[in-house]
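S.K.: According to TrEMBL, the feature transmembrane segment maps to 97-113, 125-142, 171-189, 195-222.
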Amino acid sequence: VAGGQRFRATGSPRLAAGRGAAALRRAWRERRAALLEPSYTPLVAACLCLAEGGVNLWVIRRVPYTEIDWKAYMEEVEGFANGTLDYTQLKGDTGPLVYPAGFVYIFLGLYYATGRGTDVRLAQYLFAGLYLLNLLLVFRIYCQTNKVPPYVFFFMCCASYRIHSIFVLRLFNDPVAMAILFLAINLFLEERWSWGCLLFSLAVSVKMNILLFAPGLLFLLLQRFGLLGCIPKLCICALLQV
């Protein structure tokens, strides 16, 4: 009996230690899976989006804003707000307006929302929201493809100074165009091609570098609908521009 008591007394700590070690090994395996398995993308994406919300707030409050194009954007759309419809007469500090009409309409909304472009801090917060929307749209694409290991996403967003700078420190029009493009790609993945083409054309109307994606879209339309079937989709793209 005494020997059994000694065995239980010495065995219990060993058993507890063994269970603790097994729990640590299980947690480590799950941690590795969260970093490497694409099935964990929604969980990792949610965590990164929460972290990015904090990062963007910190950047806005702590990193000095750099004026590059925002003032010129506001001057360009202000001319339109004052009734000027001739593109050759719409100008800003950096020169003539060179972006299509979608840019004018969207940034006209920002012009009024930010007190005729004077409330730069509010504009930064709006672009921070746009950044999070952009991030969600990109993560949704990766969730549907289910091929990329989740650890890559950290380097795509949190570790990039450039991506935060473009959105909340520079207020460029590229984020607006790319967010609309990523929304279009999400629609393509859902087989909603007409709406996707409409939004693709809207993205082009904000900044024409989106046209670089046009050959790939044309290939997909030809593959999905054939030569005659893709003509209505192309007409949707053209109609919005008109």
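Here the Cβ of each residue, glycine as well, is placed from N, Cα and C on the backbone.
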S.K.: Which residues of the same chain, at least 6 past either end of the transmembrane segment (195-222), have a Cβ under 8 Å from a Cβ in it?
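M.R.: Apart from its flanks, the transmembrane segment (195-222) reaches 99-103, 106, 173-174, 176-178, 180-181, 183-185, 187-188, 229-230, 233-234, 236-241.
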S.K.: In terms of Cβ proximity under 8 Å, which residues at least six beyond the ends of the transmembrane segment (97-113) contact it?
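M.R.: Long-range Cβ neighbours of the transmembrane segment (97-113): 73-74, 76-81, 87, 90-91, 122-123, 126, 173, 176, 202-208, 241.
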